[in-house]
Amino acid sequence: MSNIQVLASSQLSDKIIARPTTKFHPSIWGDRFLHYNISEQDLVCKQEKVEELIQVVKKEILSSNHDQLKLIDNLQRLGLSYHFESEIEKLLEQLSITHHQNHHDLHDASLWFRLLRQHGFNVSSSIFEKFKDEEGNFKESLITDVPGLLSLYEASHLSYVGESILDEALAFTTTHLKAIVANSKDHPLSHQISIVLHRPLRKTIERLHARFYISIYEKDASHNKLLLELAKLDFNLLQCFHKKELSEITRWWKEHEFAKKFPFARDRMVELYFWILGVYYEPKYSRARKLLTKVIALTSITDDIYDAYGTIDELQLLTKAIQRWDINCMDKLKQEYLKTYYKVMLDSYEEFEKELKKEELYKLEYAKEEMKRIIGGYFEEARWLNEGYFPSFDEHLRVSYVSSGNVLLIATSFVGMHDVVTHETLDWLSKDPKIVSASTLLSRFMDDIGSRKFEQKRNHIPSTVDCYMKQYGVSEEEAIKELNKRVDTHWKEINEDFIRPAVVPFPILVRVLNFTKIVDLLYKEGDDQYTNVGKVLKESIAALLIDSIPL
């Protein structure tokens with residue numbers, strides 16, 4: 001939490017209060033995204049052209065029976081599938097009853113398996129038994145089938161817990177794909193292999209993959225010119241929408257003077273919008289996206305108040321005030337920065353209420369309760385630091401499961417999603433379903449491993465890594481290895497909750513999956529790309545919010 005012992009503010013109410021010395025770097029973007037000017041006429045023209053091409057694709061391509069697997073894969077990879085959801089669903093239902101024995105080609109069998117599993121069809125991994133030899137190993141002849149290896153590698157990331165054949169497939173393909181990159185740098189698929197070895201499709205943010213794949217698809221001699229044109233136009237159109245949204249949210253941030261009022265907090269508005277863009281990018285979720293971005297911005301400030309600035313007495317008063325959620329509690333907060341924060345928090349949720357229909361308010365109330373929960377978790381961690389308490393691994397998880405913020409963000413992501421979210425959805429969420437639990441634990445472990453170096457530079461509560469080391473008497477390396485094994489297991493558990501019939505609508509499950517993908521991007525490099533904005537995050541933001549695709 002701080003580089004010095006937290007002091008009781010009641011003893012220092014009329015004196016200078018000793019504050020933590022944690023310093024976060026300022027925004028690297030300045031006012032770059034504050035203004036975005038595009039005429040409505042230009043937007044309408046772009047939309048009309050995209051819509052025109054969509055209708056042509058439906059008529060000329062989707063009605064064809066030619067290579068439906070490849071078509072669905074390309075629509076998804078090019079970022080176009082959201083335009084053709086019903087058509088893709090119909091095709092997948094037809095493909096699901098296609099006998100897999102017809103797929104003797106490794107690439108096609110793997111693609112069939114992956115596409116169906118992605119959409120919740122519980123197809124059996126026994127389809128890959130035919131590619132093994134008499135000794136139970138994958139056939140050596142497959143090593144030269146590079147497209148097949150690549151397709152099997154991607155399919156292996158849709159595995160469930162205990163599916164040994166897919167674990168074997170992952171090990172087999174990883175070994176040989178790495179060898180291709182190392183020994184055949186001129187191989188036409190070498191660059192693509194390097195990318196997916198680092199982050200497979202299952203763990204990749206959809207829009208980032210679309211940006212990458214459009215350039216790959218364009219170089220493919222067999223590409224469909226109509227699909228390529230639509231993909232480019234659609235990507236650039238969505239980028240216009242997103243830049244317009246980011247401009248609105250950046251103005252909200254500026255008008256509230258958050259950076260000035262809370263100079264100790266991370267100023268990461270652009271990074272936060274990118275984060276939420278990874279959760280849902282589709283135009284129909286604009287309202288949900290803007291609301292969630294504002295909530296995550298408020299949560300980031302809250303985290304820094306509890307983790308890098310507030311004294312234990314201040315935090316105790318603030319926690320009580322938040323639990324009551326009553327503007328009259330503001331008078332009990334002694335410090336001006338806390339009064340300002342408290343009013344902004346309550347005012348923001350009042351504004352959110354105005355944006356929702358009366359029959360939608362129960363969703364916001366649920367999300368508000370999650371905000372109270374996370375703040376309770378923040379205070380528990382502050383108390384640990386103040387008392388020098390070292391929790392057990394299990395005790396740490398009980399609190400840090402909440403303070404990770406994952407459940408809060410998932411709940412809040414549902415608020416603006418219109419009719420797809422119902423009372424039943426929130427009832428499902430309240431029972432801590434496997435996909436949410438797996439995503440949250442995965443996020444907790446990756447966060448703690450990724451932010452470890454930075455946190456060690458200041459006085460901070462023990463992480464799950466520290467607690468695991470102490471509880472089980474192992475080294476840091478061994479603890480990290482074990483937590484990474486758990487991360488792999490949690491990915492498999494996420495896959496399992498997509499199996500049809502799902503308890504909640506598919507878009508709900510996708511939100512949870514997408515939150516997990518963002519965490520993978522932010523923390524996989526072994527650092528915290530959000531706190532200390534690094535190369536990966538900067539390049540990702542530029543790819544989606546700065547650089548358009550040449551037509």
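Yeah, the Cβs are placed from backbone N, Cα and C, and that goes for glycine too.
Among the candidates ARG251, ARG266, ARG383, ARG500, the residue that Swiss-Prot names alongside ASP303, ASP307, ARG444, ASP447 for the (2E,6E)-farnesyl diphosphate site is ARG266. Fewest Cβ neighbours within 10 Å among the binding-site residues ARG266, ARG444: this applies to ARG266.
For ASP447 ((2E,6E)-farnesyl diphosphate binding site), the same-chain residues 6+ apart in sequence whose C-beta sits under 8 angstroms from its C-beta are SER404, VAL519, TYR523, ASP528. Between the two most distant C-alpha atoms of the annotated (2E,6E)-farnesyl diphosphate binders (ARG266, ASP303, ASP307, ARG444, ASP447) there are 20 Å. Within its own chain, the motif 'DDXXD motif' (303-307) has Cβ neighbours under 8 Å at 1, 24, 262, 264-266, 315, 318, 338, 341, 375, 378-379, 381-382, 405, 460, counting only residues six or more beyond its boundaries. Taking the Cβ of ASP307 ((2E,6E)-farnesyl diphosphate binding site) as centre and 10 Å as the limit, one finds 23 other Cβ atoms among all the protein chains shown.
For ASP303 ((2E,6E)-farnesyl diphosphate binding site), the same-chain residues 6+ apart in sequence whose C-beta sits under 8 angstroms from its C-beta are TYR378, GLY405. The CA atom of ARG444 ((2E,6E)-farnesyl diphosphate binding site) is located 11 Å away from the CA atom of SER451 (Mg(2+) 3 binding site). Just so you know, the Cβ of SER451 (Mg(2+) 3 binding site) picks up 21 other Cβ atoms within 10 Å once every protein chain is counted.
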